[in-house]
Every structure is written in structure tokens, then in C-alpha cells.
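S.K.: Look at TrEMBL and you will find 1-395 tagged as domain 'Ammonium transporter AmtB-like'. The transmembrane segment annotation in TrEMBL covers 12-35, 55-73, 80-102, 122-145, 166-184, 265-285, 297-315, 343-368.
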Amino acid sequence: MNIMLTNVLDAAAGGIFYYLFGFAFAWGGPSNGFIGRHFFGLKEIPSDTFDYSNFLYQWAFAIAAAGITSGSIAERTQFVAYLIYSSFLTGFVYPIVSHWFWSPDGWASPTNMNNLLFGSGVIDFAGSGVVHMVGGIAGFYGALIEGPRIGRFDHTGRAVALRGHSASLVVLGTFLLWFGWYGFNPGSFNKILVTYDGVSGGYYGQWSAVGRTAVTTTLAGCTAALTTLFGKRILSGHWNVTDVCNGLLGGFAAITAGCSVVEPWAAIICGFVAALVLIGCNMLAEKFKYDDPLEAAQLHGGCGAWGIIFTALFAKGTYVDQVYPGKPGRSHGLFMGGGGKLLGAHIIQILVIFGWVSATMGPLFYILHKFKLLRISSEDEMAGMDLTRHGGFAYYHEEDHKQGMPMRRIEPTS
């Protein structure tokens, strides 16, 4: 009940705050390179640059970042803290980052032709940094300040696996995310019927780039899933479906930045390394007794950062010029003959996202912690928030329901 309600509220509260402030801070041009200043409450929409559909699409990205964070602090967080952080993240923190890297006025945007960072701008096509790193780093601070769940580490400091209650729902959710990523990555083109200058024959245009983006997304996820499967088999001796699902998503998070500007073979490299990054981050998390129930900070933060570096190494010049027209011959991937300027821009992106989210979400979670608004009591945590905070369990015995008896908790077996 608790985790489902937080996901619904991420969308609902995020929708209101993104409507009032977030869309304006992200896209309200003309503006400066740091923050937008038009379109509050969608005033002046539609315009010659935006329609209502643009708000809906960007709102979905904003609440994705908030949803990532909710996974890191699951099972031990007060409900009021969810409302506060979700509103702040979608209404202010995330929109500022998306303005920097996506708005035509952003100081590091590849579409800001008057001031391209290092002559290229940052190529983060669908948000490995803008969405995934922002959500992952915010979740990192929330989980770090809250501390681990009760029972996650025993008295000797050894990690204890706290399994989810339904592997079936994990797999179902993974397939839903897989399908949704085709809207996330290929959908970021916004338009499909666009021809490219200098291309004859009529068989190749932006529709081909959309298809290629879907292919690179698929290959990165598939490679990461298989790498995780065999990697975890070597480390643990098991073929673990939950680990494979997270590995798949790690590949998707990594390819999201460069999905439109890399070759399919490069996406396989992206997915392979993303799986290793996720496994490595999880090992570090256990070593330092950091508890993230969904591995959200490791998956979205770690794999998202790798995706930004990957793009700076493998972005193909031809694809960059087609996807980001207006400045032919701009810097592209280091390993593709494009020099190191794009890599420099992308390292700056990683640093400024980490710094911005640290400076905003870190203090927010700390203030909530100091005012005792962040973590629930140990009694509530042991009983379960469904019972203590939400009036009942999500699962119950049918015979209890028929007899009008209180719903009994279904305890997991060891």
C-alpha cells in the first residue's frame, strides 16, 4: 500500500508542481542559461515553440526522476517526506538541470547555437544524466541520511538479503519499463517525418534515426541483462531473475544519453559495461553498509554516469550532425575520431549534476531528518507501514474478508 501510494503521489504532486513552476523553470524561454522564466502555470502556451503536448511529455520525465528517488528510501520513510521531496524535486531541482542541458537557452545545451560548451554542448539525448543521475543522486542522499532498514545488516555487519515479496511483479514491472523505454528514448525525437540534408533516395531520414534509437536501446538492455546473469552466477552461484531485471534496466539507463547517436554495435559495449558498473556499485554499497532497497542510486546514478561517458566516447559524427543540426562538424565521440572536447563537456555535466543535487536534495533530507519528518519509528517499521500508516494490507486472506475479521499480514518465509 505504501509504495503504491508513493508512486501515485509522485505523479499527482509532480503534475501540479511541474505545471505551476517546473515547466517554466525548464523551458521558459527566452531566458538565461541557468533558469527559465516564462510559462508559469502554462501561461502563453501554446506558443510558436511549445504546445500542451510538450508539457505532458516533459512532466512524465520529471516524475520519472522522482520515482527513482522513492525506490532508494522505500520501506522506512514518512509519507509527509515523500510529498515534500517529490514536490521540490519536480518543481525546482530537476527542471533546473533539464534547462541546462535541454533548453535552447541552457548553458550546456547542444541546441544553444550561440554558446555551445566546448563547441559541442552536452549530448544527453533522453536523460542518462538529466533524469537518471538526478533521481539516483537524490535517492542516494535520502537513503544515506535515513540509514539502512532494520535487519538489513546483522550485528556483525554482514549484509542480509531482504527479498521483495513477489518476483512475478518484479518481472512484470520490468517488461512494462522495457516497453515504456521505447517512448522514453525514440520518443524524445518528438517528430518522425523529418528529412536530413544531403541524403538522397528518400529511404533514410529521421524515421531511420528513431528506429536506430530503438535498436540501440534494445541491444544495451539485452547485453546488460545477460552480463548480469552470468556475472551474478559466478559471484553467488545462482541464476537470479531479480538481479537480471535490474541489470537490464541498468543497460537502459546507460544507453539513454547516446541512444540516438551511436551505432548498434556500440550499444552492446554500453550494456556490457553498465552491468559491471551496477554489480560494482552494489558491492561497494554492501561494503559501506549503504541500503537502497531497489538499488536505485546504484542503477540510475552509477549506470547513468557511465552512459554519459560512453556517449562522449562513441558518438558518431554523422549521427550527431543529423540529430543536432545547425552546426556541422561539431565535436563527437573520442573513439570515433571526434577529439576530446565532448568528453570534457560530459565530465562537466557529471560534476555539476552531482554538485547541484547534493546542494539541494542533501540539505532537504537532512532538514527533514532533524525535524523528525523523514524516517518512521522502529515500531512502525517492524509492524509495516501498510498496517500502521495506511489502514490495512495490500494482500489478505479471502476467508478473513468474508468473516469480517481484520486482515492478517502474510509474513515472508525465509
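Quick reminder: no glycine exception, Cβ is built from N, Cα and C everywhere.
So that I understand the layout, could you describe where these features sit and how close they are to other parts?
M.R.: Here the domain 'Ammonium transporter AmtB-like' (1-395) returns a mean pLDDT of 94 for the predicted model.
Counting residues 6+ beyond its ends, the transmembrane segment (166-184) has Cβ neighbours under 8 Å at 61, 64, 126-127, 214, 217, 221, 241-242, 245, 248-249, 252, 256 in the same chain.
Nonlocal intrachain contacts for the transmembrane segment (265-285), taken as residues 6+ away from its ends with a CB within less than 8 angstroms of a stretch CB, comprise 215-217, 219-225, 227-228, 231-232, 235, 246-247, 250-251, 253-255, 258-259, 291-292, 295, 297-299, 301-303, 306-307, 310, 314.
Counting only same-chain residues 6+ beyond the ends of the transmembrane segment (297-315), those with a CB under 8 A from a CB of the stretch are 68, 72, 123-125, 128-129, 131-133, 135-137, 139-140, 143, 246, 249-251, 253-258, 261-263, 266, 269-270, 273-274, 277-278, 280-282, 285, 332-336, 338, 342-343, 345-347, 349-350.
Proximity of distant same-chain residues to the transmembrane segment (343-368), defined by a Cβ-Cβ separation under 8 Å and at least 6 residues beyond the stretch ends, is recorded for 69, 81, 84-85, 88-89, 92-93, 96-97, 100-101, 108, 117-118, 120-124, 129-130, 133-134, 137-138, 141-142, 145-146, 305, 308-309, 311-313, 331, 334, 374.
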S.K.: Between the stretches 55-73, 80-102, 122-145, which wins on the count of C-beta pairs under 8 angstroms to the transmembrane segment (12-35)?
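M.R.: Most contacts with the transmembrane segment (12-35): 80-102.
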S.K.: Can you work out which residues elsewhere in the same chain, 6+ from the ends of the transmembrane segment (122-145), have a Cβ less than 8 Å from its Cβ atoms?
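M.R.: Sequence-remote neighbours of the transmembrane segment (122-145) are 61, 64-73, 77, 85, 89, 93-94, 97-98, 101-102, 108-110, 184-185, 188, 213, 253-261, 290-292, 296-305, 307-308, 311-312, 315, 320, 323-324, 342, 345-346, 348-350, 353-354, 357-358, 361-362, 365-366, 369, 374.
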